[in-house]
Amino acid sequence: MDNKIIKKVGVILRPSSPQLKSGYEKLEKIFSSYSIEVLIEDKSAKMIGASGASFKKICNECDFLVSFGGDGTLISTVRKSFDYDIPILGIHAGNLGFLADLSLDELDSFVEKITQNRYKIDERAVLEATVIKNEKEIKMYAFNDVVLTRTRVSNMIHIETLVNSRSFNTYYGDGVVVSTPTGSTAYNLSAGGPVLFPMSNVFALTPICPHSLTQRPVVLPGKFTIEMKTSEERALIIIDGQDVHELELGESVHIKLATKTVKLMHKEEYNYFDVLKEKLRWGE
C-alpha cells in the first residue's frame with residue numbers, strides 16, 4: 001500500500017452493539033473530512049438503522065477494512081476476509097485490545113497520517129488445518145488458534161501427535177492448543193504456553209491441563225507440519241473459538257502455517273511490547 005491514495009474504507013461493527021451508532025457517525029465524519037468514502041457492512045448497517053453494502057462488495061472496492069469493537073470483532077473480520085488480502089484497522093470501543101489498539105479519539109490524527117502515507121502494516125501468520133472427510137479435503141484457517149479437545153467435559157482425551165510425519169508425543173488431558181504468534185496471548189497463554197512475537201515465523205503446541213508434569217509447550221518452526229488424531233473417541237476441532245468441527249475416529253487433522261498472511265494496520269509509532277506491557281500489566 002506504499003504511496004497508494006486511500007479513497008474508500010469498509011466498516012464492520014461489533015455485533016449486537018447498537019450503542020456504537022454514535023461512534024460510527026463520528027468515524028464516518030472523520031474519514032469524510034479527508035475525502036475518504038465510507039461503506040458499512042450490511043449487518044452492521046441494519047443494526048444502527050443505516051444503509052450498507054455486502055461484505056464482498058466492501059472487500060472488493062475498499063482500500064482497507066475498519067473493525068470497530070474489540071479483538072473478537074477483528075478476529076471475525078479477519079476470518080471473513082481471508083480470501084481478499086485486504087488490510088484491517090482495529091479500533092476498540094473502550095478497552096485497549098491486543099489487536100484493536102487504536103481508540104476513536106486517535107482516529108482523526110491517524111487518518112491524517114494515512115493521507116501522508118505514515119502508518120505501519122504488520123503481516124501476521126495464519127494456521128491452515130486440513131481434515132479428510134469422505135475422501136474430500138476440508139481446509140480451515142485460524143488467525144489465533146486451532147484447539148483439539150474432548151467432546152465430553154468429564155473425560156480426558158488421548159491425542160497422538162506427529163511432527164513432519166514422525167511420531168512426536170501422545171498427550172493425555174483436556175486437549176491441545178496450536179497457536180499462531182498472534183494467538184499466543186489468548187488460550188495458549190492461559191494454558192501455560194509462551195508469548196511469541198507476533199511477526200515471528202513459528203507456532204506453538206501447548207497441552208491443556210495434561211495428566212503429566214513432563215508435558216510442556218513446544219515452539220515449532222513455521223515450515224513444520226503437525227498431525228493429530230485420537231485413538232479412543234471422537235474429538236472437537238475449534239477454530240479461533242468461533243467454529244466447531246467434529247473429528248471422527250480414524251480421522252486426523254494436519255496443521256501448518258498457511259502461505260497467506262493477514263495484514264493489520266497500526267499507528268506509525270506502534271510498538272507491540274507497549275501493548276503487551278499494558279495488557280499483561282508487566283512492571284506494575
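The chain as shown is numbered from 1 upward.
Each residue, glycine too, has its Cβ placed from N, Cα and C.
The Cβ of Asp71 (active site, proton acceptor) lies under 8 Å from the Cβ of Gly90, Gly97, Phe98, Leu99, Ala100, each of which sits 6+ residues away along the same chain. Look at Swiss-Prot and you will find Asp71 tagged as active site, proton acceptor.
Per Swiss-Prot, NAD(+) binding site is recorded for Asp71, Gly72, Asn144, Asp145, Asp174, Thr185, Ala186, Tyr187, Asn188, Leu189, Ser190, Gln242.
Every protein chain shown contributes to the tally, and the Cβ of Ala186 (NAD(+) binding site) ends up with 21 other Cβ atoms within 10 Å. Taking the Cβ of Asn144 (NAD(+) binding site) as centre and 10 Å as the limit, one finds 28 other Cβ atoms among all the protein chains shown. If you take the C-beta of Asp174 (NAD(+) binding site) and look for same-chain residues 6 or more apart in sequence within under 8 angstroms, you find Thr149, Arg150, Met156, Ile157, Ile208, Cys209. Sequence-distant contacts of Ser190 (NAD(+) binding site), defined by Cβ-Cβ distance under 8 angstroms and a gap of at least six in the same chain, do not exist. Within its own chain, Asn188 (NAD(+) binding site) has Asp145, Val177, Ser179, Pro194, Ala204, Thr206, Pro217 as residues 6 or more apart in sequence whose C-beta sits under 8 angstroms from its own.
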